[in-house]
């Protein structure tokens, strides 16, 4: 019993230490870019990193390597810092992450921030077939063409989704859509690029107009790649959309783990105590049974000896009486 309780206590201490160790990693910060993550070549951009109020240092990493360090200045917004990139080029376009330090602890990495530089190549041409104004349910195709051969084209809907559609191509790419709904209407631009983060100048805008009667909710795109939900490159830049309090979920998870661990240990202890009580009760009943048997055995032995003694006395009395025999 004692070794089992000792083992359970050690298990609880080890798991508690494991939870405390995991807790010693601070929640991940929030990262975003202003004015946008799409920056014209040569223009400046600000990268913001926001962590805990007690953060003393922030580090910015570019493509997995250390890039810059900033310390928060005494102000009302001590929980965030600004990293300034004076001139955006193809060498500064890519994936950024940030960390912060509070005391002796470091946070987890932020979500990746993808910075895109534009204006590096020729300006592509964009047009839509069969025409810019179509009726509900028609199929349309956007064509993006660049004089200089490239490897990938991107189609972006302005002030619409935070994602863009991409296609591989040499000097031209096609972006089929349809059957179109009112969600497809809007202004589009396209870009050419040699990688995901270095793009050409934007094309001239092309506005897609959707006309017709009441929209049929059963209309669905025939090409799986033409759906407005089909995107491969995330361009989320909204600061408020990135503000997610992961600390709440971290603490909730840790508390649930602790409660679960406590319940497991409590149930195990109750089971062990019940087993111990049943074992002792069984031993006690066995001892009582043996005691009763021993008492009966002794009583029979005593009765036997007393009977033998009476018989011996009777025989002696008979022998002592003259003429008894």
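Cβ from N, Cα, C; glycine included.
Taking Swiss-Prot as the reference, the stretch among 238-255, 256-273, 274-291 described by the feature transmembrane segment is residues 256-273. The domain 'Ig-like 1' (34-118) scores a mean pLDDT of 93 in the predicted structure. In sequence order, 124, 126, 142, 144, 153, 154, 155, 156, 173, 175, 202, 203 are the residues of the chain that are 6 or more apart from residue 190 (disulfide bond) and have a CB within less than 8 Å of its CB.
The Cβ of residue 49 (disulfide bond) lies under 8 Å from the Cβ of 29, 30, 31, 58, 60, 70, 80, 81, 83, 98, 100, 110, each on the same chain and at least six residues away in sequence.
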